[in-house]
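Swiss-Prot annotations:
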- ASP141: active site, proton acceptor (ACT_SITE)
- VAL26, GLY27, MET28, GLY29, ALA30, PHE31, GLY32, LEU33, VAL34, LYS49: ATP binding site (BINDING)
- 20-299: domain 'Protein kinase' (DOMAIN)
- THR171: phosphothreonine (MOD_RES)
- TYR173: phosphotyrosine (MOD_RES)
Amino acid sequence: MAEFVRAQIFGTTFEITSRYTDLQLVGMGAFGLVCSAKDQLTNQAVAVKKIMKPFSTPVLSKRTYRELKLLKHLRHENIISLSDIFISPLEDIYFVTELLGTDLHRLLTSRPLEKQFIQYFLYQILRGLKYVHSAGVVHRDLKPSNILVNENCDLKICDFGLARIQDPQMTGYVSTRYYRAPEIMLTWQKYDVEVDIWSAGCIFAEMLEGKPLFPGKDHVNQFSIITELLGTPPDDVIQTICSENTLRFVQSLPKRERQPLANKFKNAEPDAVDLLENMLVFDPRKRVRAEQALAHAYLAPYHDPTDEPVADEKFDWSFNDADLPVDTWKIMMYSEILDYHNVDAAVQEQENGS
(Lines of atoms letter the chains of each structure in order from A and count residues from 1; the text may use other names and numbers.)
(Lines give C-alpha, C1' and ligand atoms only; values in the text may rest on other atoms or scores of the structure.)
Protein backbone atom coordinates (compact mmCIF):
# COMPACT_ATOMS: atom_id res chain seq x y z
CA MET A 1 0.00 0.00 0.00
CA ALA A 2 1.46 3.36 -1.03
CA GLU A 3 2.17 5.87 1.72
CA PHE A 4 0.43 9.22 1.21
CA VAL A 5 1.63 12.62 2.40
CA ARG A 6 -0.29 15.89 2.47
CA ALA A 7 0.84 19.34 1.34
CA GLN A 8 -1.06 22.62 1.17
CA ILE A 9 -0.72 24.28 -2.24
CA PHE A 10 -2.50 27.58 -2.80
CA GLY A 11 -5.14 26.68 -0.21
CA THR A 12 -5.68 23.24 -1.73
CA THR A 13 -4.66 19.94 -0.16
CA PHE A 14 -2.41 17.81 -2.34
CA GLU A 15 -2.51 14.25 -1.03
CA ILE A 16 0.13 12.37 -2.97
CA THR A 17 2.30 9.30 -2.62
CA SER A 18 5.64 9.82 -0.87
CA ARG A 19 7.32 9.10 -4.23
CA TYR A 20 6.80 12.80 -5.13
CA THR A 21 8.42 15.69 -3.23
CA ASP A 22 9.18 19.42 -3.60
CA LEU A 23 5.74 20.45 -4.89
CA GLN A 24 5.50 23.88 -6.53
CA LEU A 25 2.39 25.36 -8.13
CA VAL A 26 2.81 25.83 -11.90
CA GLY A 27 -0.75 26.23 -13.17
CA MET A 28 -4.44 26.40 -12.35
CA GLY A 29 -7.44 25.48 -14.48
CA ALA A 30 -11.18 25.11 -14.12
CA PHE A 31 -10.88 21.43 -13.25
CA GLY A 32 -7.60 21.15 -11.39
CA LEU A 33 -4.24 22.39 -10.16
CA VAL A 34 -0.86 21.45 -11.63
CA CYS A 35 2.32 21.31 -9.54
CA SER A 36 5.87 20.50 -10.43
CA ALA A 37 7.46 17.81 -8.27
CA LYS A 38 10.52 15.60 -8.02
CA ASP A 39 10.00 11.89 -8.68
CA GLN A 40 12.16 10.09 -6.10
CA LEU A 41 12.04 6.88 -8.14
CA THR A 42 13.45 8.30 -11.37
CA ASN A 43 15.05 11.52 -10.08
CA GLN A 44 13.14 13.37 -12.83
CA ALA A 45 11.06 16.54 -12.57
CA VAL A 46 7.38 15.78 -13.23
CA ALA A 47 4.03 17.56 -13.39
CA VAL A 48 1.32 16.42 -10.97
CA LYS A 49 -2.22 17.39 -11.93
CA LYS A 50 -4.90 17.17 -9.26
CA ILE A 51 -8.41 16.69 -10.61
CA MET A 52 -10.73 18.51 -8.23
CA LYS A 53 -13.73 16.50 -6.99
CA PRO A 54 -13.73 14.07 -9.93
CA PHE A 55 -16.69 12.15 -8.50
CA SER A 56 -18.88 15.12 -7.56
CA THR A 57 -21.12 14.82 -10.65
CA PRO A 58 -21.59 12.28 -13.47
CA VAL A 59 -20.41 14.93 -15.98
CA LEU A 60 -17.12 15.52 -14.12
CA SER A 61 -16.64 11.78 -13.60
CA LYS A 62 -17.07 11.15 -17.32
CA ARG A 63 -14.74 14.03 -18.24
CA THR A 64 -12.00 12.66 -15.96
CA TYR A 65 -12.52 9.12 -17.26
CA ARG A 66 -12.24 10.40 -20.83
CA GLU A 67 -8.99 12.26 -20.13
CA LEU A 68 -7.53 9.20 -18.39
CA LYS A 69 -8.48 6.87 -21.26
CA LEU A 70 -7.00 9.28 -23.80
CA LEU A 71 -3.73 9.74 -21.89
CA LYS A 72 -3.39 5.96 -21.66
CA HIS A 73 -4.11 5.44 -25.35
CA LEU A 74 -2.19 8.29 -27.01
CA ARG A 75 1.52 7.50 -27.13
CA HIS A 76 3.52 9.89 -29.30
CA GLU A 77 6.56 12.15 -28.98
CA ASN A 78 4.47 15.30 -29.47
CA ILE A 79 1.71 14.33 -27.02
CA ILE A 80 2.11 14.65 -23.25
CA SER A 81 2.63 11.19 -21.76
CA LEU A 82 1.31 9.73 -18.53
CA SER A 83 3.96 8.39 -16.13
CA ASP A 84 1.74 7.62 -13.12
CA ILE A 85 -1.84 7.90 -11.90
CA PHE A 86 -3.38 7.35 -8.50
CA ILE A 87 -6.48 8.01 -6.39
CA SER A 88 -5.78 9.49 -2.96
CA PRO A 89 -7.55 8.44 0.26
CA LEU A 90 -9.67 11.60 -0.15
CA GLU A 91 -10.74 10.25 -3.56
CA ASP A 92 -9.05 12.92 -5.64
CA ILE A 93 -7.37 11.76 -8.82
CA TYR A 94 -3.80 12.70 -9.70
CA PHE A 95 -2.25 12.43 -13.16
CA VAL A 96 1.55 12.50 -13.29
CA THR A 97 3.18 13.48 -16.58
CA GLU A 98 6.55 14.68 -17.79
CA LEU A 99 7.34 18.31 -16.92
CA LEU A 100 8.18 20.78 -19.68
CA GLY A 101 9.61 24.14 -18.78
CA THR A 102 7.18 26.48 -20.49
CA ASP A 103 4.30 26.74 -22.95
CA LEU A 104 3.79 28.52 -26.26
CA HIS A 105 1.60 31.21 -24.69
CA ARG A 106 4.42 32.27 -22.36
CA LEU A 107 6.95 32.18 -25.19
CA LEU A 108 4.75 34.30 -27.45
CA THR A 109 4.17 36.94 -24.77
CA SER A 110 7.87 37.19 -23.91
CA ARG A 111 9.53 37.76 -27.30
CA PRO A 112 9.10 37.39 -31.08
CA LEU A 113 9.94 33.92 -32.39
CA GLU A 114 12.61 33.43 -35.04
CA LYS A 115 11.69 31.71 -38.29
CA GLN A 116 13.35 28.37 -37.56
CA PHE A 117 11.52 28.09 -34.22
CA ILE A 118 8.16 28.89 -35.85
CA GLN A 119 8.80 26.19 -38.46
CA TYR A 120 9.90 23.62 -35.90
CA PHE A 121 7.03 24.32 -33.50
CA LEU A 122 4.41 24.18 -36.28
CA TYR A 123 5.95 20.97 -37.61
CA GLN A 124 5.68 19.32 -34.19
CA ILE A 125 2.09 20.53 -33.66
CA LEU A 126 1.04 19.05 -37.01
CA ARG A 127 3.03 15.86 -36.39
CA GLY A 128 1.13 15.41 -33.12
CA LEU A 129 -2.21 16.20 -34.77
CA LYS A 130 -1.60 13.68 -37.56
CA TYR A 131 -1.24 10.99 -34.90
CA VAL A 132 -4.18 12.16 -32.75
CA HIS A 133 -6.50 12.41 -35.76
CA SER A 134 -5.46 8.96 -36.98
CA ALA A 135 -6.62 7.60 -33.60
CA GLY A 136 -10.10 9.01 -34.25
CA VAL A 137 -9.66 11.86 -31.76
CA VAL A 138 -10.27 15.60 -32.15
CA HIS A 139 -8.50 17.75 -29.52
CA ARG A 140 -11.05 20.63 -29.75
CA ASP A 141 -9.19 23.03 -27.45
CA LEU A 142 -5.87 23.66 -29.14
CA LYS A 143 -4.36 26.98 -28.01
CA PRO A 144 -0.86 28.24 -27.12
CA SER A 145 -1.24 27.49 -23.39
CA ASN A 146 -2.01 23.81 -24.22
CA ILE A 147 1.24 23.44 -26.13
CA LEU A 148 4.18 22.71 -23.85
CA VAL A 149 7.82 23.32 -24.79
CA ASN A 150 11.13 22.41 -23.12
CA GLU A 151 14.60 23.95 -23.34
CA ASN A 152 15.45 21.73 -26.36
CA CYS A 153 12.39 23.11 -28.19
CA ASP A 154 10.66 19.72 -27.95
CA LEU A 155 6.93 20.36 -28.11
CA LYS A 156 4.04 18.38 -26.64
CA ILE A 157 0.29 18.91 -26.90
CA CYS A 158 -1.55 18.56 -23.59
CA ASP A 159 -4.98 18.88 -21.95
CA PHE A 160 -7.21 16.35 -23.65
CA GLY A 161 -10.09 16.90 -21.22
CA LEU A 162 -12.31 18.33 -23.95
CA ALA A 163 -11.25 15.93 -26.69
CA ARG A 164 -14.02 14.11 -28.48
CA ILE A 165 -14.73 11.43 -31.00
CA GLN A 166 -14.55 12.49 -34.63
CA ASP A 167 -17.90 13.43 -36.03
CA PRO A 168 -21.46 12.82 -34.96
CA GLN A 169 -23.30 15.89 -33.76
CA MET A 170 -20.56 17.67 -31.87
CA THR A 171 -21.64 20.46 -29.54
CA GLY A 172 -20.86 24.17 -29.54
CA TYR A 173 -18.93 26.05 -26.88
CA VAL A 174 -15.61 24.31 -26.50
CA SER A 175 -12.29 25.91 -27.35
CA THR A 176 -10.97 29.29 -26.32
CA ARG A 177 -12.62 31.82 -28.59
CA TYR A 178 -9.58 33.23 -30.47
CA TYR A 179 -8.67 29.78 -31.79
CA ARG A 180 -12.18 28.44 -32.39
CA ALA A 181 -13.06 27.21 -35.87
CA PRO A 182 -15.99 28.96 -37.59
CA GLU A 183 -17.96 25.72 -37.96
CA ILE A 184 -18.12 25.43 -34.17
CA MET A 185 -19.55 28.94 -33.97
CA LEU A 186 -21.83 28.50 -36.99
CA THR A 187 -23.37 25.07 -36.87
CA TRP A 188 -22.90 24.03 -33.24
CA GLN A 189 -23.55 20.55 -34.56
CA LYS A 190 -21.27 18.52 -36.72
CA TYR A 191 -17.54 19.06 -36.92
CA ASP A 192 -14.43 16.96 -37.22
CA VAL A 193 -10.61 16.96 -37.13
CA GLU A 194 -10.49 20.12 -39.27
CA VAL A 195 -11.30 22.26 -36.19
CA ASP A 196 -7.81 21.45 -34.88
CA ILE A 197 -6.24 22.53 -38.18
CA TRP A 198 -8.01 25.90 -37.91
CA SER A 199 -6.73 26.31 -34.34
CA ALA A 200 -3.21 25.36 -35.46
CA GLY A 201 -3.49 27.96 -38.24
CA CYS A 202 -4.45 30.64 -35.70
CA ILE A 203 -1.46 29.62 -33.56
CA PHE A 204 0.82 29.68 -36.64
CA ALA A 205 -0.40 33.21 -37.47
CA GLU A 206 0.23 34.29 -33.88
CA MET A 207 3.78 32.94 -34.04
CA LEU A 208 4.36 34.92 -37.25
CA GLU A 209 2.80 38.17 -35.98
CA GLY A 210 3.40 37.99 -32.23
CA LYS A 211 -0.27 38.64 -31.42
CA PRO A 212 -3.59 36.77 -31.79
CA LEU A 213 -5.00 36.83 -35.32
CA PHE A 214 -8.71 36.91 -34.39
CA PRO A 215 -9.03 38.50 -30.92
CA GLY A 216 -12.84 38.59 -30.71
CA LYS A 217 -14.56 40.21 -27.71
CA ASP A 218 -17.51 37.82 -28.03
CA HIS A 219 -18.84 35.31 -30.57
CA VAL A 220 -20.47 37.91 -32.80
CA ASN A 221 -17.36 40.10 -32.83
CA GLN A 222 -15.14 37.03 -33.31
CA PHE A 223 -17.00 35.95 -36.42
CA SER A 224 -17.03 39.50 -37.77
CA ILE A 225 -13.23 39.79 -37.39
CA ILE A 226 -12.75 36.49 -39.24
CA THR A 227 -14.89 37.68 -42.18
CA GLU A 228 -12.94 40.96 -42.39
CA LEU A 229 -9.85 38.93 -43.31
CA LEU A 230 -11.26 35.79 -44.94
CA GLY A 231 -14.38 37.28 -46.53
CA THR A 232 -17.98 36.11 -46.29
CA PRO A 233 -18.35 32.32 -46.05
CA PRO A 234 -19.32 30.60 -49.32
CA ASP A 235 -23.04 29.88 -49.78
CA ASP A 236 -22.58 26.12 -49.45
CA VAL A 237 -20.97 26.66 -46.03
CA ILE A 238 -23.77 29.01 -44.96
CA GLN A 239 -26.29 26.31 -45.95
CA THR A 240 -24.82 23.96 -43.32
CA ILE A 241 -25.81 26.29 -40.46
CA CYS A 242 -28.38 24.53 -38.29
CA SER A 243 -29.49 27.38 -36.03
CA GLU A 244 -31.97 29.83 -37.57
CA ASN A 245 -30.70 32.66 -35.37
CA THR A 246 -27.11 32.03 -36.49
CA LEU A 247 -28.21 31.82 -40.12
CA ARG A 248 -30.01 35.17 -39.88
CA PHE A 249 -26.98 36.75 -38.22
CA VAL A 250 -24.57 35.52 -40.93
CA GLN A 251 -26.91 36.62 -43.72
CA SER A 252 -27.23 40.07 -42.13
CA LEU A 253 -23.48 40.72 -42.29
CA PRO A 254 -22.17 42.89 -45.15
CA LYS A 255 -20.67 40.87 -48.03
CA ARG A 256 -16.90 40.90 -47.75
CA GLU A 257 -14.11 39.75 -50.06
CA ARG A 258 -11.26 37.55 -48.84
CA GLN A 259 -8.10 39.60 -48.30
CA PRO A 260 -4.77 38.17 -49.55
CA LEU A 261 -2.94 36.98 -46.44
CA ALA A 262 0.31 38.24 -47.98
CA ASN A 263 -0.98 41.78 -47.34
CA LYS A 264 -1.53 40.99 -43.67
CA PHE A 265 1.69 39.01 -43.15
CA LYS A 266 4.12 41.27 -44.99
CA ASN A 267 7.23 39.91 -43.24
CA ALA A 268 6.40 36.23 -43.75
CA GLU A 269 7.90 34.26 -46.61
CA PRO A 270 5.59 33.10 -49.43
CA ASP A 271 5.67 29.43 -48.37
CA ALA A 272 4.51 30.35 -44.85
CA VAL A 273 1.64 32.45 -46.24
CA ASP A 274 0.65 29.68 -48.66
CA LEU A 275 0.43 27.08 -45.89
CA LEU A 276 -1.55 29.50 -43.72
CA GLU A 277 -3.96 30.12 -46.63
CA ASN A 278 -4.58 26.36 -46.74
CA MET A 279 -5.18 26.09 -42.99
CA LEU A 280 -7.50 29.08 -42.57
CA VAL A 281 -10.24 28.05 -45.00
CA PHE A 282 -13.90 28.60 -44.11
CA ASP A 283 -15.05 25.33 -45.62
CA PRO A 284 -13.67 22.53 -43.40
CA ARG A 285 -13.94 20.11 -46.33
CA LYS A 286 -11.34 22.21 -48.19
CA ARG A 287 -9.05 22.80 -45.24
CA VAL A 288 -5.68 21.06 -45.44
CA ARG A 289 -5.24 17.85 -43.40
CA ALA A 290 -2.36 17.43 -40.94
CA GLU A 291 -0.68 14.85 -43.18
CA GLN A 292 -0.87 17.17 -46.21
CA ALA A 293 0.36 20.17 -44.21
CA LEU A 294 3.42 18.21 -43.04
CA ALA A 295 4.38 17.67 -46.70
CA HIS A 296 4.12 21.41 -47.51
CA ALA A 297 7.26 23.16 -48.77
CA TYR A 298 7.36 25.44 -45.70
CA LEU A 299 8.02 22.43 -43.46
CA ALA A 300 10.51 20.74 -45.83
CA PRO A 301 13.48 21.20 -43.43
CA TYR A 302 11.78 18.90 -40.89
CA HIS A 303 9.39 16.72 -42.91
CA ASP A 304 10.24 13.00 -42.81
CA PRO A 305 7.35 10.74 -43.89
CA THR A 306 9.09 7.73 -42.32
CA ASP A 307 9.08 9.43 -38.89
CA GLU A 308 5.54 10.83 -38.68
CA PRO A 309 3.69 7.87 -37.18
CA VAL A 310 -0.03 7.20 -36.98
CA ALA A 311 -1.88 5.39 -34.19
CA ASP A 312 -1.81 1.59 -34.14
CA GLU A 313 -5.52 1.49 -33.47
CA LYS A 314 -8.50 3.80 -33.17
CA PHE A 315 -9.47 5.06 -29.74
CA ASP A 316 -12.48 3.23 -28.27
CA TRP A 317 -15.23 5.81 -27.79
CA SER A 318 -17.94 3.31 -26.84
CA PHE A 319 -18.23 4.82 -23.33
CA ASN A 320 -18.85 8.33 -24.60
CA ASP A 321 -22.62 8.15 -25.07
CA ALA A 322 -23.10 6.37 -21.76
CA ASP A 323 -25.22 8.17 -19.19
CA LEU A 324 -24.00 6.50 -16.01
CA PRO A 325 -24.17 7.26 -12.29
CA VAL A 326 -21.06 8.46 -10.45
CA ASP A 327 -20.52 5.09 -8.73
CA THR A 328 -20.28 3.31 -12.07
CA TRP A 329 -17.79 5.86 -13.45
CA LYS A 330 -15.79 5.41 -10.25
CA ILE A 331 -15.61 1.61 -10.69
CA MET A 332 -14.59 2.07 -14.34
CA MET A 333 -11.93 4.60 -13.31
CA TYR A 334 -10.47 2.26 -10.67
CA SER A 335 -10.39 -0.50 -13.26
CA GLU A 336 -8.50 1.72 -15.75
CA ILE A 337 -5.99 2.76 -13.09
CA LEU A 338 -5.37 -0.87 -12.07
CA ASP A 339 -4.96 -1.80 -15.72
CA TYR A 340 -2.48 1.06 -16.22
CA HIS A 341 -0.32 -0.13 -13.31
CA ASN A 342 -0.50 -3.79 -14.36
CA VAL A 343 0.53 -2.98 -17.93
CA ASP A 344 3.23 -0.60 -16.69
CA ALA A 345 4.65 -3.27 -14.35
CA ALA A 346 4.63 -5.85 -17.16
CA VAL A 347 6.49 -3.49 -19.50
CA GLN A 348 9.12 -2.70 -16.86
CA GLU A 349 9.57 -6.42 -16.15
CA GLN A 350 10.03 -7.05 -19.86
CA GLU A 351 12.58 -4.23 -20.12
CA ASN A 352 14.50 -5.50 -17.09
CA GLY A 353 14.52 -9.04 -18.48
CA SER A 354 15.75 -8.05 -21.93
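Note that Cβ sites are derived from N, Cα and C of the backbone, with glycine treated the same way.
Remember, it's a predicted structure, so these values are computed and weren't measured experimentally.
Structural mapping of features recorded in Swiss-Prot.
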residue : record           : Cβ contacts under 8 Å, 6 or more apart
VAL26   : ATP binding site : VAL34, CYS35, SER36, ALA47, LEU99
MET28   : ATP binding site : PHE10, VAL34
GLY32   : ATP binding site : LYS49, LYS50, ILE51, MET52
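Over all protein chains present, the Cβ of VAL34 (ATP binding site) has 19 other Cβ atoms lying within 10 Å. With a 10 A radius on its CB, ASP141 (active site, proton acceptor) counts 21 other CB atoms from all the protein chains. In the predicted model, the domain 'Protein kinase' (20-299) shows an average pLDDT of 88.
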